[in-house]
Amino acid sequence: MKNIIRHFSKPAYREEFKEDTSPRTAEYKSVSEDSSTGLTYTLPPKAKFGKMSIALICFLIVSCNCFASEPLPWQVTFQPPASPIMEELHHFHNFLLYISTAIVLFVAGLLGFVCIRFNAKNNPVPAKFSHNVLIEIIWTVIPIIILVIIAVPSFKILRHAEKIPKTDLTIKVVGYQWYWHYIYPDHDNLEFDSVMISDENLKPNHKRLLDVDNRIVIPENATVRFLITAGDVIHSFAVPSLGFKIDAVPGRINETWTRVAKKGVYYGQCSELCGIHHGFMPIAIEVVSKEDFDNWIASKNKTAMNGKKPKLVAN
């Protein structure tokens, strides 16, 4: 690192390499010229490695945005879990990753060993046998054990997600082409449409293709049940950070639940191909304090469909 600092700050350092004719200069691979001084200098391997390290650090600093708490371009991992179900799914995913990695390494190593150990050069006369009882038992029993180990926590999470606990709030969700309609039956059937905000109406704090004109608002630390259906074709109500993806099927009501402890806005999208503007059906759930939620309910005007569809951004 000291060499790198000297390289960028002291021309004398470059002169040193220019004048040095000792055998150690044979190690230097890179030659360049300083336009400000006219000096030609060679760059030592350590300095080259240092410049690569700086570039790598800069890349990591920029790419760490991919691990932020909201969906971003080029994101390579999950959003941080915001609900009990998603926390369990996150841990289960990591658990499966260890098992999958071990299996891949074992199979790849075994394949490489067999290719080298039993090729035609090393074994000009191949062995002749049709089966091996011990090996067949092993490759049957071990996968069964692995599947059982995977199944136990998987069924536990599935049961936790399917069993609706005592809820503090119920919200009805109806999917239409191409917007969402929400109803709060616990609050005098308060209802409203939720349509994606167009590009020309976006504000600095809005997320393009994700923010809507009317968000779902729920209180923090409240158990919320969603009753989900559709009014035309099949849609899917999905919010990754909350760990649910529930199909909205016409003529059928599906349900799920969530509980969010952290205030903020959590985004999702329709995750079932539902027509030409399927990609313009975002979901935005805003989590606020209980006091703010009560104030929002009090100030929110009731809306009615009146047999009319809202004006869609995508139209």
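Using N, Cα and C of the backbone, Cβ positions are placed for all residues, glycine too.
Listed in Swiss-Prot for this protein:
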TRANSMEM  54-74  transmembrane segment
TRANSMEM  96-116  transmembrane segment
TRANSMEM  133-153  transmembrane segment
BINDING   HIS235, CYS270, CYS274, HIS278  Cu cation binding site
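Distribution of Swiss-Prot features across the structure.
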| residue | record | Cβ within 10 Å |
| --- | --- | --- |
| HIS235 | Cu cation binding site | 30 |
| CYS270 | Cu cation binding site | 26 |
| CYS274 | Cu cation binding site | 21 |
| HIS278 | Cu cation binding site | 18 |
Next on the checklist: Using Cβ atoms and a strict cutoff of less than 8 Å, what residues sit near the transmembrane segment (133-153) while being 6 or more residues removed from its termini?
Outcome noted: 92, 95-96, 99, 103
